[in-house]
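Comments concern the structure below.
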Amino acid sequence: MLSTEFETPLWENLSRVCGIDEAGRGPLAGPVVAAAVAFPRHFKPTGILEKLDDSKKLTAELREELAPAIRESAEAWAVAVVDAEIIDRINILQATMLAMNQAVESLAATPELLLVDGNRFRPVLPIPYQTIVKGDSKVFSIAAASVLAKTRRDELMVAYAAEYPAYGFDLHFGYPTARHVEAIARHGRCAIHRKSFKLRKLGEK
């Protein structure tokens, strides 16, 4: 589990440090979602937040418990959604950058430093940033962003499951599982599928 030890030395000179992460780069369907989270200076996690970790390591139930606690404890937070149509138009990397920047721009207060999960970022606002590979398993603020992005995306995919029941989006959330690929083979793609993501198994090029 994570503490704010990464942020602590940064808070000596900065009052607002913001973690950024995304969910949904790899699925065949649905949006990519990014979140930005900034905690109060010298914040120390207590209670349920002591269980925070990379969202991929947490159960869905624990993520659902953590999300409201993150929102309540954060000084500022925002989530941005970029749908499949835009992903197809500008590609998944550009769509991910767009979602991350939209999340930052939506924050109630402007950060002084961005801590971004991964190895690349293209900022829109003139804010210093640091990319951190596997940051969601190293940095508290990034892990918090990963949970907010993941829970929001999961909510959207569950809603899409009701709209497009043939695909089981509430089970695989758009990822290329055997069941999902079989559903595409049987029914074709629906409106939220990413047309630019091809399936070689189905002979798509």
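Cβ atoms are placed via backbone N, Cα and C, with glycine included.
Going by what Swiss-Prot states, the divalent metal cation site holds ASP21, GLU22, and the candidate of ASP117, ASP154, ASP170 recorded there is ASP117. Here the binding-site residues are ASP21, GLU22, ASP117, and the one with the most other Cβ atoms within 10 Å of its Cβ is ASP21. Shown in sequence order, ILE20, ALA23, ALA34, ALA35, MET100, VAL116, GLY118, GLY135, ASP136, ILE142, ALA145, SER146, ALA149 are the same-chain residues outside ASP21, GLU22, ASP117 whose Cβ sits within 8 Å of the Cβ centre of the divalent metal cation site.
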